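What follows is a set of notes on a single structure, which appears directly below.
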């Protein structure tokens, strides 16, 4: 077995968990969660809207409390931990990043689709100019082979990234998928490599462990697994596993368990689990945001939304391509009618309504 080293753990309850909370975190909740994580030895705590700085919008969902207020509360509360923020090119700008720095962030995590690292050059540049630690996120990383991801990660390194993450946004990877991708980045880069898991196939902890076994320097978790889809790797479970492996980076396992049980669990609207919908997202390999749209259109056409999602995954649809859902539904309907001997399917009137 390889010699393992303790990874740095970033808790993203207050960012990825914001999706599950519908972006309704309060200052009081942030204060309580940050205090507990800080006391338990978590070195980095991410705090923003689920879609990053400036994510609060009609498109992504409005925050109940300004993310800048939440960041400020987190920075005031943390005694040792660094506060991090997520930034997506095309959503967050220099203005929001500057404002977040004024409120106390020390780390920015810059996320792009795994095929679009080149759009992050300006963002890494300005973040380094502002004195931040910079982390790159290659989202939907299951969609491209390891060698391609290594090339994209190398671009981020050249722009100034201090670490690049393999991000399993859809929770679609198997442990060997993770190993090969992390290994490719470790071989190519001279900077740190990270891994961010989702639990749609029930593999968040197993995949995180696979990443650590391949040398991942940083990993992510959320208390109680609170996150998008079926959630993330639970921070308290990561701590327990690392402790059993003898590579605990200084986390208090019991305090994290208590934080999950007594602080986060009571405010959760639901417990993220790999239910039918989450499994479908992981199996199909698509963003969880596609789910409601697929359900709506499937109901109009009398289709199973899972058929639509699986086909979207086959076509490698990514966020922003929700308009594909209608086309995919019509294609499936045509194929079914042709198979039934109906010949060319006429587009139902519902198609016109959905396209409006």
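Every residue number used here counts from 1 along the chain in the order it is shown.
Glycine is no exception: its Cβ is also placed from the backbone N, Cα and C atoms.
The C-beta environment of residue 19 (active site, proton acceptor), restricted to residues of the same chain at least 6 apart in sequence and closer than 8 Å, consists of 50, 227, 228, 288. Annotated active site, proton acceptor per Swiss-Prot: 19, in sequence order.
According to Swiss-Prot, the feature substrate binding site maps to 15, 16, 169, 196, 287. Neighbours of residue 16 (substrate binding site), defined as other CB atoms within 10 A of its CB across all chains, total 25.
Take the CB of residue 198 (Mn(2+) binding site) and look out to 10 A: across all protein chains shown you find 31 other CB atoms. The Mn(2+) binding site annotation in Swiss-Prot covers 16, 196, 198.
Taken from Swiss-Prot, the feature domain 'Pyruvate carboxyltransferase' applies to 7-257.
DSSP gives residue 15 (substrate binding site) a coil state; it is part of no helix or strand. Taken from Swiss-Prot, the feature site 'Transition state stabilizer' applies to 15.
Each residue contributes its Cα atom, and for residue 287 (substrate binding site) and residue 198 (Mn(2+) binding site) those atoms are 11 Å apart.
The Cβ neighbour count for residue 169 (substrate binding site), using a 10 Å radius over every protein chain in view, is 29. Around residue 196 (substrate binding site), a 10 Å sphere centred on its CB holds 29 further CB atoms from the protein chains shown. For the recorded Mn(2+) site, residues 16, 196, 198 set the reference point as the centre of their Cβ atoms, and the other residues of that chain within 8 Å of it by Cβ are 12, 167, 168, 169, 171, 197, 220, 222, 227, 228, 232, 233.
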